[in-house]
Amino acid sequence: MGVEERPRATPDETGISSCYNSTSTLIRNPDGSLTVELRKEVKTSVEYNPYEHRNVQHPNGFAGAFLHIVKTSLGTGVLAIPRAFKSAGLLVGLFGCILVGTICAHTIHILVRSSQKICKKTRTPSLGFADTAEGCFKLGPTWLRRYSSAAKIFVEAGLFCVHFLADSVYLVFISISINKLVSAHYPEIESWGDYSIKLILLVPLLICAQIRELKHLVPFSFIANIMLLVSFSITGYYMFSGITEVKLQDRSLATGLSGIPSFLSTVLFSMEGIGTIMPVENSMITPRFLGCAGVLNAAMGVIIVVFTAIGFFGYYRFGEETAATITANLPSQEIPAEIAQAAITLAVFFSFMLVFYVPVDIVWSRLKHHIPHSRWNLSQILLRSLLIVIATGAKSRLFSPKTPAVLPGIAIAGGDNLGLLIDIVGAVFLSILGLFVPAFLEVIADWEDGWGTFHWRLIKDFVIMALALFGLVSGLFSAIKDM
C-alpha cells in the first residue's frame with residue numbers, strides 16, 4: 001500500500017464548480033517509486049498552482065534563485081572555455097557559445113515546464129528531475145507507462161555519473177595545479193608525477209567525505225566562492241594585460257569541422273547545470289522562474305555573456321598555447337599567478353565535497369532500504385570511502401598502456417589529460433542528460449495536449465535530440481581518437 005508523498009488539495013482550497021473531473025495523484029511507494037492514482041473529484045474553478053502548496057522552510061526569491069544558478073555554472077568549468085574556442089576558432093566559438101548557451105537555457109526551460117505540467121495534473125507541489133521523468137512516463141502514452149521506473153533510474157544514473165565524473169575531473173585539475181605550484185620551487189617534485197599527488201590527496205578526501213549533512217558543507221561553499229573570486233580576478237588581470245600586443249590575424253577564426261565535437265563537449269561540461277535546476281526551482285514559492293523576465297532567462301543571459309567573453313579573450317590572448325584550463329597559462333614563478341593557482345586549487349578542493357554529495361545521496365537512497373538501521377553508520381562510511389577510492393583509484397591502462405592496471409581509478413587513469421576527461425563527460429553524459437532527456441520529456445508531456453501549430457514543438461524537440469546524439473557520437477569519437 002502506497003503512502004502519499006504530499007497532502008492533496010481539497011475542494012475548499014481551490015473553489016468548487018458544479019461538474020466533475022477525473023484527475024490523478026502521484027503516490028509514493030515504500031520502494032521510492034511513484035504510482036498514479038486516478039480519481040473523480042470536484043472540478044475546480046481555479047487551476048492547481050504548485051507554488052501555493054509548497055512547504056519550503058527557507059524559500060528562494062528572485063535574487064536567491066538567480067545567484068544559485070549563476071554560482072553553479074560560473075565555477076571551475078569557465079576556466080576551460082578558452083580551450084573550447086581554441087578547438088573551434090574565434091568566430092565559430094563566439095557564435096557557437098551563444099548558440100549552445102541558448103539551447104541549454106531552452107532545454108532547462110522545457111524541463112521545468114514539463115515538471116510543472118506533471119505537478120498540475122497530479123496535484124503535487126514539486127518534483128525533482130528523476131521524478132519528473134517518471135511522472136511524464138506514468139501519464140504519457142500507454143505503451144510508455146511500463147517504463148516509468150526505468151526512466152527514473154536512467155536519470156538518476158545519469159546524474160550520478162555526471163557529478164561523480166566531475167569530481168574525477170576536479171581531482172585531475174587539483175593534482176596538475178599542485179604539481180605546477182610545488183615543482184616551480186622544488187623541481188625534484190615534478191618527477192613524482194600526478195599519480196603520487198592523487199594518492200596523497202586520498203587522505204584529506206577520505207576524511208572530508210564523511211561529512212554527511214548538507215548544512216555542514218556551507219563553510220566549504222563559502223571558502224570556494226572566495227577563492228574563485230580571487231583566482232578569477234588575478235586571471236582576468238593576466239588575460240587582459242598583454243592583449244594589446246596580439247594581432248587578430250595570428251588567431252584562427254574557424255578551425256574546421258574537426259574541432260566542433262571538442263568545442264561542443266567542453267561548452268556543455270562548463271555551462272550545463274541541469275542537475276541543480278530542479279532543486280532551485282522547487283525552492284521557490286512564487287512563479288517567477290520562467291517567463292521572459294524570469295530567473296532562468298536572467299541567470300542564463302549573464303552566464304552566456306561571461307562564458308563567451310572569457311572564452312573569446314582567453315583564446316585571443318594565449319592563442320595555440322591555450323591550456324585545458326586558462327590558469328595553466330599563467331607564469332609559473334610570479335607571485336600573483338601563484339596566488340591565483342593556489343586559490344583555484346583550494347576552490348576546486350572545497351567544491352569537490354559539494355559535488356560529491358549528489359552521487360552519494362543517489363546511491364544511499366537506493367541502498368538504505370536493504371540495510372538494517374543499526375548498520376547505517378558503518379555502511380555510510382564504507383560507501384563514501386569506496387566512492388572516493390574509485391574516483392581517485394590507482395593506475396589504469398585507459399590512458400597509459402605502459403603502466404600496470406591495479407584499480408580502475410578514474411582520476412589517475414586520466415593522468416594529466418584534463419581536456420580529454422572534460423570532453424568525455426560533456427559528450428557522453430551532458431549531451432544526453434542536458435539536451436536529449438528534456439526534449440524527449442517535453443514530447444511525452446505534450447502528447448495529449450498537442451505540440452502546437454504544425455507540431456512545431458515536436459519538430460523542435462527532434463532537432464534538439466538529433467543535436468544531442470551528434471554531440472554524443474562525435475564527441476566520444478573525437479575523445480577516443482585523442483587518447
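Using N, Cα and C of the backbone, Cβ positions are placed for all residues, glycine too.
Here is what TrEMBL records for this protein:
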type	residues	note
TRANSMEM	62-82	transmembrane segment
DOMAIN	64-477	domain 'Amino acid transporter transmembrane'
TRANSMEM	88-112	transmembrane segment
TRANSMEM	153-175	transmembrane segment
TRANSMEM	195-211	transmembrane segment
TRANSMEM	218-240	transmembrane segment
TRANSMEM	260-280	transmembrane segment
TRANSMEM	292-316	transmembrane segment
TRANSMEM	339-360	transmembrane segment
TRANSMEM	420-441	transmembrane segment
TRANSMEM	462-480	transmembrane segment
Inset, instruction - Please indicate, using numbers and ranges, the residues of the same chain that are 6 or more beyond the transmembrane segment (153-175) and have a C-beta under 8 Å from a C-beta there. - result: 76, 129-130, 133, 194, 197-198, 201, 269, 275, 325, 345, 348-349, 351-352, 355-356, 358-359, 362-363, 366, 387, 391-392, 410-411, 414-418, 421-422, 424-425, 428-430, 432-433, 437
Legend entry - Long-range environment of the transmembrane segment (62-82) - Cβ separation under 8 angstroms, sequence gap at least 6: 97, 170, 173, 225, 228, 235, 266-267, 269-271, 273, 276-277, 280-281, 283-284, 286, 288-289, 295-296, 298-300, 302-303, 306-307, 310-311, 314-315, 318, 322, 324-327, 344, 347-348, 351, 418-419, 422
Legend entry - Other parts of the chain folded back onto the transmembrane segment (260-280), taken as Cβ under 8 Å at six or more residues beyond its ends: 60, 65, 68-69, 72-73, 77-78, 80-81, 83-85, 87-88, 92-93, 96-97, 100-101, 104, 107-108, 111-112, 115, 127-129, 132, 159, 162-163, 169, 289, 296, 303-304, 307, 358, 419, 422-427, 430-431, 433-435, 438, 471, 474-475, 477-479
Legend entry - Proximity of the transmembrane segment (292-316) to the transmembrane segment (420-441), 3+ C-beta pairs under 8 angstroms: no
Legend entry - When counting Cβ pairs under 8 Å to the transmembrane segment (339-360), the leader among 88-112, 218-240, 420-441: 218-240
Legend entry - Spatial neighbours of the transmembrane segment (420-441) far in sequence, C-beta under 8 Å, 6+ residues away: 80, 103-104, 107-108, 110-111, 114, 132-133, 136, 155, 158-159, 161-162, 165-166, 168-169, 172, 261-262, 264-270, 272, 274-275, 324, 399, 410, 414, 460-462, 464-465, 467-469, 471-472, 474-476, 478-479, 482-483
